[in-house]
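What follows is a single structure, written as structure tokens, with notes after it.
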Amino acid sequence: MSSILHVNLNCIESILDVPTTLSKPSKRWHLAFATIYCARVLHSLLNEKKNSSKLPVATPSFVVLNVKPDAFSSIDQTTLTEIVKEKNLKLLLESGGVEGVADALETDIKNGISGAVDDVALRQEAFGSNTYKRPPPKSLFHFVVEAFKDLTILILLFCAALSLGFGIKEHGLKEGWYDGGSIFVAVILVISVSAVSNFRQNRQFEKLSKVSNNIKIDVFRNGRRQQISIFEIVVGDVVSLKIGDQVPADGLFLDGHSLQVDESSMTGESDHVEVNSSHNPFLFSGTKVADGYAQMLVTSVGMNTTWGQMMSTISRDTNEQTPLQARLNKLTSSIGKAGLAVAFLVLVVLLVRYFTGNTEDENGNQEFNGSKTKADDIVNAVVEIIATAVTIVVVAIPEGLPLAVTLTLAYSMKRMMADQAMVRKLSACETMGSATTICTDKTGTLTMNQMKVTKIWLGQEPIEVSSSISENLLNLIQQGVALNTTGSVYRATSGSYKFEFFGSPTEKAILSWAVLELDMDMEILKQNCTILHVEAFNSEKKRSGVSIRSKADNTIHVHWKGAAEMILAMCSSYYDASGSMKDLDDCERKTFEQIIQGMAASSLRCIAFAHKQILEEEHEIREATQKLKEDGLAFVGLVGIKDPCRPGVRKAVEDCQHAGVNVKMITGDNVFTARAIATECGILRPDQGINNEAVVEGEVFRNYTPEERMEKVDKIRVMARCSPFDKLLMVQCFETEWSCGCSHRALKWPKRAQISSSWMIILLQGSTVLRWEAAVSAGEVPLTAVQLLWVNLIMDTLGALALATEQPTNELMDRPPVGESIFGVSEKVKDTLIFNTFVLCQVFNEFNARRLEKKNVFEGIHKNKLFLGIIGITIILQVLCGIFEEICRYGEVELGQWGACLGIAAVSWPLGWVVKCIPVSNKPFSAI
């Protein structure tokens, strides 16, 4: 009976397995048939069981079978992936087009998904989450193994093994393990601290990576536009895209205008790709919106996207080295090699001293006496000599030096994170303190990014009450705001006066003003018009435009909105406050320019509106070229938007300037607004006007020759009306200066780490020299390996960490930046200065060589004409080398720099005099 039931259940299961290739009606018939068939089979099975049972079993006259189809059964992930990944228009049409895919995903194209918790969970279960499989994080054991691969550690382990063996051989197990065991303990301590530090640093980077990748995305859910994490996006979501946005998942174009996408991250092609509903509705995760705006339907997320598959194979390397760490690792290697060389010399010297009979035991007897010395005594003596050499190697290698810097930087990063400063790279903790120039944006950085319309001008009159605006002018303003925007307005319930505004800060400020003060109804305006063409706003054009067709009278209108002076330049007429149109002659234009400048001087961002009704014939011509009318417009009015400065920003700027750090503001606002904000923030002095070189427009800076840019970049304090390309140009100028030697790096914050490192290097060298001198002169060393390892430990790791935990003080800002180059010159000139100084040092030292014992080196110098002649010829030839710089491959050296070279070289005279003042014994050193 059980076998029969099992077979029948298998049969039922196969019937219930609905093929995904069937259409919706076919699937419904399949499920209906399966329901009837399964009911009959189960009924017959129950009857068989009743007849075979000894006891009577009551069975119902019918069977209730709940057959529920799987969620989203009309489309599967394979189909969705193939449609977008292969750009398969044929398969998309077979699936009912974008609308058909949306229906299959149970998505309302206008309102999005419901966004309920169970709905989102169901979609994640069916199609996956928008996360990538990352390589597993490195374990603590991995970092322990990595630490063991270090050459320094391997040398120390070898030395520890030798020391342990020789110690036990010489002193027995009870006391002989001290030195070797101590080395092992020190090595284990260093490995443990290093592994734990790197492990925690790796974990910290993983957290930072999640924070930096957790960008906010605009989606429509339940009819409401809202921001959610990129990781929370699910298949079926309707996502809003605008210029600069990263496409968060694979999807299909729903609606939008002039959408251009940069797919270089996927294809390597630099040309932008046009995305539209007819020929190319496909959008790929990881690409960026270069122009226009749109709404997209998400079809694949996470590992089902090409970007997700690619990102899952990329592991973030957290083993980066800061410049200081790289130099210290190189220094550690050099010191280690020097230590090995010294240890070898000590070994040779001690062995020679022993076998030549120049060493004595504690009783004053000669240790080695040829064949009379026992072999066991010789072995013990050699073992002790080797142990001494090993001790020198141990103390010479600063195994904790790079580790100390890592701990210092890690501590700095943690402290900066506590100050709400996210550090993405460990090297930033070192290099940030080296900056001498800060280039900052205005909006959201110097200002609070809380914009509000505070000033309105219609015609040449300021408007205080919106009720005074004429009806036709009010309609034009409302159309220009509602239809020429990437923002949106959400009203919780119909008739409610509570609104939510979405979009950029500027868009939200204008929408808020239009809705709350002008009673604009955005939905009604959109329903009354058809959008024909859109030119989206970007940071280069500083304006956006739209052409619309009115459904009421079938007329075509063009609306523009953007930077006031740019919109004004497109106009040949204007509306006065009463709504009447007037010609815009030169006198009137100058009046408007003065109004704009006056608003900008009050730190207001000026946004203007313009309008033009065009004929059907002109529209058809412009439709062919995909360009809106840009001239002969009517100036509608302008608004001033206030974005208050952040509290404390002026004090912060003053502190930076006091410390020698230049602050430059780079903004897209016009030159008058930029100057007003910069003056308010303390970047500019009140006397620095627009005609001053401190303020420049992006276009002017862009048109400079490379030489002019390099000459003027340091004087510039404000760059207005700049594009992203202009910002890049300025940064490249500073990079060029830095690479030429005019360094914009100075150590402030990590200077404590460098100070401690310097002292450690000096002390390590001193310890090595001490052991060398003691071993060579006395045949023994005053400090044991245990003592030296302890000194090494407290100097390296603990000492550096103790210095690193010092809290920064305000006095640090009083120190001027210190560059890598003293004179701020190019690499070629720097090399020339070094060569000049070297030659002049030799010239000055020739005077010292005239009298090796007498302090007065100038005595009788006038009698040696040949000496003076040679000195003079040498100096003249050196100067000629500087004049014929191209032949001698010299850099151009200025007169003051020549003086500095002479001054440095002249130090040899007083130095030689001081040396000669030191008393010297008449007895030879060997006789002392």
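The backbone N, Cα and C atoms fix where each Cβ goes, glycine too.
Looking at 555-573, 897-915, the stretch flagged in TrEMBL as transmembrane segment turns out to be 897-915. Confidence annotation: the domain 'Cation-transporting P-type ATPase N-terminal' (92-168) carries a mean pLDDT of 86 in the model. Beyond the ends of the transmembrane segment (897-915), by six or more residues, the same chain brings 823, 825, 829, 833, 836-837, 840-841, 843-845, 847-848, 855, 857, 882 to within a C-beta distance below 8 angstroms of the stretch. Residue counts for the domain 'Cation-transporting P-type ATPase N-terminal' (92-168) under DSSP, split into helix (H, G, I), strand (E, B) and coil, are 49 helix, 3 strand, 25 coil.
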